[in-house]
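S.K.: Quick one: structure below, then a few questions.
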Amino acid sequence: TITKKEQKEERLITKLRFGHTGIIFINYPTTCTTFLRTTQNMQSSKKSVCFRSRSDVQTCTSWNAPIIWEGMFNPGHYDQTHRSEGSSVALTVFAVGRLAFLNSSERHFMLSLPVSYYVFTDRPEKVPNVNLAPNRHLNVIKVERHARWQDISMTRMKTISDVIEADIRHHSTHVFCFDVDQVFTGRFGPEALGDTVALLHAHYYHLPRKLFTYDRNPKSEAFMRTGDFYYHAAVFGGSWRSVKALTEACYKSIMEDKKNNVEALWHDESHLNKYFWLHKPSRILSPEYCWDTSIGYRFDIRVHRLLWAPKDYYKLRTS
């Protein structure tokens, strides 16, 4: 049981003033103190996550899931632990000729673990040759071409679920799913692994929930009145079982909407946010793990691990 003193301390910690934006961001009080105490008892001198190392940001959710920021973890500890546990990662991406993503992944993504790339494309011959390190493999899978970006975005849920069932589950313990218009620029390591992993959207993590762009259409399966955070569909992952369950559920909701002639506001991202509202992620990645440089300087972003390419969202919404 958390004490009144600890509750008061946590309320103070979670009231953060972002002076350069003029925004007050108040998060729910959580039981992170209790969770930290349990973690310390379990791991003694070798903690996997130190919640108190970043007092400038929220490091734990109301359901005790860690939010991973630079300075909270020992990279070597995670590398060693996941190697000893035999962890391996499948990376899925829908792409045509995106050399930058694959080359940068070879420099920064899960370098201590075996990695299998699954590149889905309607033009396999356009996938560039990449010099892969040992224990890293590239699988190119041909998929149907779609005229609209929205359809590509939505059908990826079924494609990912199918390849997990057919192949990934036999070779990898974890799966990470990425948008291709991104470039790795820093360590993206095993500290990001968990049973279900969500990413805080860089454009929304400083904003009050009333400004989150959840789907507000009651006719859509993605409809939400409120939520915990706003998650970015550019990166999500987890164990292969959890990612399979997630993608199957999102695809089912998408197909139900299609049957009712409804399209969610932000397509698969809207359905992903609804899923994580109903099924809380066990681990959340800070915006370091997918940053947009157009936002400008933020004092709490100490490193850029993945950079998000600019997109013309008006064109995407209307095409």
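Numbering starts at 1 and runs along the chain as it is shown here.
Positions of Cβ are set from backbone N, Cα and C atoms, glycine also.
Curation plays no part in TrEMBL annotations; they are all automatic predictions.
Remember, predicted model here, so these are calculated numbers, not experimental data.
Sharing the record's features from TrEMBL:
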BINDING   Phe94, Ala95, Val96, Asp179, Val180, Asp181  UDP-N-acetyl-alpha-D-galactosamine binding site
BINDING   Asp179, Asp181  Mn(2+) binding site
ACT_SITE  Glu269  active site, nucleophile
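Help me understand the surroundings of these features in the structure.
M.R.: Neighbours of Asp179 (UDP-N-acetyl-alpha-D-galactosamine binding site), defined as other CB atoms within 10 A of its CB across all chains, total 20.
Residue density at Asp181 (UDP-N-acetyl-alpha-D-galactosamine binding site): 16 other Cβ atoms are found within 10 A of its Cβ, drawing on all protein chains shown.
Neighbours of Glu269 (active site, nucleophile), defined as other CB atoms within 10 A of its CB across all chains, total 23.
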S.K.: Among the binding-site residues Phe94, Ala95, Val180, whose Cβ has the fewest other Cβ atoms within 10 Å?
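M.R.: Sparsest of the binding-site residues Phe94, Ala95, Val180 by Cβ contacts within 10 Å: Val180.
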S.K.: Whole-number Å distance between the CA of Ala95 (UDP-N-acetyl-alpha-D-galactosamine binding site) and the CA of Glu269 (active site, nucleophile)?
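M.R.: Here the two Cα atoms are 18 Å apart.
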S.K.: Phe94 (UDP-N-acetyl-alpha-D-galactosamine binding site) to Glu269 (active site, nucleophile): how many Å between their Cα atoms?
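M.R.: Just about 15 Å between their Cα atoms.
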S.K.: For Val180 (UDP-N-acetyl-alpha-D-galactosamine binding site) and Glu269 (active site, nucleophile), determine the Cα separation and express it in whole Å.
M.R.: 15
